[in-house]
Amino acid sequence: MHRIDTPTAQKDKFGAGKNGFTRGNPQTGTPATDLDDDYFDTLQEELAAVVEAAGIPLDKAKRNQLLEALFRLGAGAPAIGVPFFWPSAAMPNTVLPEWSGMVFLKFNGATFSAATYPKLALVFPALLLPEARGEFLRIWDDGRGVDSGRALLSAQGFAMQNITGRLRSRSSPLAGGGTIVEANGAFILSTNTGGTYVTLAGTSGSANADETTFDASRVANTASETRSRNIAFNFLVRAK
């Protein structure tokens, strides 16, 4: 942007180097300030840039677009292509009046059109939003080595921390008892449960035995899936 700089501008009206306008004075022969195309172009583009930065298409029939743009920008509208969390199932443009003219998409594995959302296509050139529903997000390793070998936007399957336990047996069976003397970790020892045996000579009988079971919940929190503590949020991106 620039201040008026035509030959008829009032020099230094607002301070050194800060020209202004004059209506002129016929008695002193001072002409009114002329306006040229360059100055009008500057005003037009400066104002239009604010409106377009807020994601509002210019509309000749409207007279409040600059005000609408200021409201939107002041409301902290997210930039196009930047993912963000949202605490509602309702889309932001239906909740906040300042964002009513914007378009938001979910990260649900859907494709989109570059013709419809050209700026979003610059951020996601594959024209595909990753499927993130029900998933955890992990910051890209970027060479640190904690989660090496990962590409940006790549998915990773589940895994769980190793669970261990130990069984310790006697060197030889004792009459009336089993052979396991200790179980720890995820193992449970139940002693003196009835069981059958077969000798090397082929005879069989009944005697007390040890029974061990494995239960990971003894040493870890368990569920039908491996997960961390979490809070469910909607995950969106502004497309327009």
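Placement of Cβ uses the backbone N, Cα and C atoms for every residue, glycine included.
Just so you know, TrEMBL annotations are computer predictions that nobody has curated.
Look at TrEMBL and you will find 22-31 tagged as compositional bias 'Polar residues'.
The feature region 'Disordered' is assigned by TrEMBL to 1-35. With a threshold of 8 Å between CB atoms, the same-chain residues lying at least 6 positions outside the region 'Disordered' (1-35) that come near it are 42, 46.
Taken from TrEMBL, the feature transmembrane segment covers 69-89 (among others). Outside the transmembrane segment (69-89), and at least 6 residues removed from its termini, the chain residues within Cβ reach (under 8 Å) are 50-51, 53-56, 95-96, 98-99, 101-102, 104, 107, 117, 119-120, 122-124, 233-240.
Under the heading transmembrane segment, TrEMBL lists 109-129 (among others). Cβ atoms under 8 Å from those of the transmembrane segment (109-129) belong to residues 80-82, 103, 237, 239-240 of the same chain, restricted to positions at least 6 beyond its ends.
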